[in-house]
There are 2 protein chains.
Amino acid sequence: MRLRNKPWAKDKIAAYPQYVIPNPEQYKGRWNELFGNDHPIHIEIGTGKGRFITEMAKAHPDVNYIGIELYKSVIVSALDKLIENDLPNLRLLNVNAKDLMNIFAKGEVERIYLNFSDPWPKKRHEKRRLTYKTFLELYENILVDEGEIHFKTDNQGLFEYSLVSFSQYGLVLQNVSLDLHNSDFEGNIMTEYEQKFAEKGNRIYRCEAKYRKPMQ
Amino acid sequence: MRLRNKPWAKDKIAAYPQYVIPNPEQYKGRWNELFGNDHPIHIEIGTGKGRFITEMAKAHPDVNYIGIELYKSVIVSALDKLIENDLPNLRLLNVNAKDLMNIFAKGEVERIYLNFSDPWPKKRHEKRRLTYKTFLELYENILVDEGEIHFKTDNQGLFEYSLVSFSQYGLVLQNVSLDLHNSDFEGNIMTEYEQKFAEKGNRIYRCEAKYRKPMQ
């Protein structure tokens, strides 16, 4: 998405440390203390303006959600939604996905959502795609055994790439949909981008990829 | 495809035993003797009217092709093409795919083509789909180690199903294309059906699925 410079974003984020957690490394291995319960934790990497994660948190009060977004100028929109809704089961992190292992302990996350991630279409940028093998390895190090990635995109090339990448890493595909909005998938919550794009009549691709049970 | 009754088909097939091999079980483990060389063997299951396999055999003289088709009224069209072209590296079998293990020894086939297989869309017919797990097991029993299935279809539901089925069986996906005719895939040979369908502007889906190296 096009980023607008919002010089005030930094101060606003700093003003709401109860929602956008500063120094999240301090909660590594004890996020459930922060939430005050033992509900499973689902994270969204690249949470953007936060509609998806906010609606998910409203719809599933028995799941704890953490939205992760690198860009301050974007995460402030997610923060606005959280201020408005004051959801006890949703928190935001203004960090780089590369640092996830410093923030979550192995097995602390049950599910990862990747929605409309940057496709990085140039081959030389392959390593930046959030479904590249080094990211799949990183996710494995914070997910529970048999944890899942739930992935949506409108980008055909990124979807093709990701199916292969998941498969080559050894993940098992589930619920592949090549036209999500014309499928029988229930309970889909659209991101801001997804709605805009789907209104043009274009296809949304979706799949789930599950890590295999580790060998004993 | 709609089948027309062709009462003469049986006699025609019987008249060309050098092309449509009778009692193919007799060649199990020694198909290369029939071809008179040690070239790899690629088979197409559901070869239909034979355009794909005939063109492949012309384009790749260093590969031996076997087209398998259950319906006599259909395979006669493939036979006509073979009579016309007299290709030494192409033979046809009028058998049921279920009997493949009686016809080929383990490791005798290098690659399997599945083109526009019957989608069997009803859940209760799942077991008939040529990408159902019992078929994947059957293929494994005739393929070389790390053998491949090359799969094309216009049927979105069958493609979604097959990606999951391949993945759950432990096959590794390669070269997934969600719009083959608008991709950079080179050397695509269209089936009769594919051309007709693509001319309507619809999408062709394609992927390769590779068996993993067996554990030592």
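Count begins at 1; order follows the chain as displayed.
Glycine is no exception: its Cβ is also placed from the backbone N, Cα and C atoms.
TrEMBL: automatically predicted annotations, no manual curation.
Looking up the ranges A:46-51, A:124-129 in TrEMBL, the one annotated as region 'Interaction with RNA' turns out to be A:124-129.
The maximal spread of the substrate binding site, taken as the longest Cα to Cα distance among A:Lys122, A:Asp154, A:Thr191, A:Glu192, A:Tyr193, A:Glu194, is 25 Å. In space, A:Thr191 is the closest of the binding-site residues A:Asp154, A:Thr191, A:Glu194 to A:Glu69 (S-adenosyl-L-methionine binding site), judged by Cα positions. For the binding-site residues given as A:Glu44, A:Glu69, A:Glu192, A:Glu194, the lowest number of other CB atoms within 10 Å of the residue's CB is seen at A:Glu192.
The most densely surrounded of the binding-site residues A:Asp118, A:Asp154, judged by C-beta neighbours within 10 angstroms, is A:Asp154. Of all the binding-site residues given, namely A:Asn96, A:Thr191, the one with the smallest number of surrounding CB atoms inside 10 A is A:Asn96.
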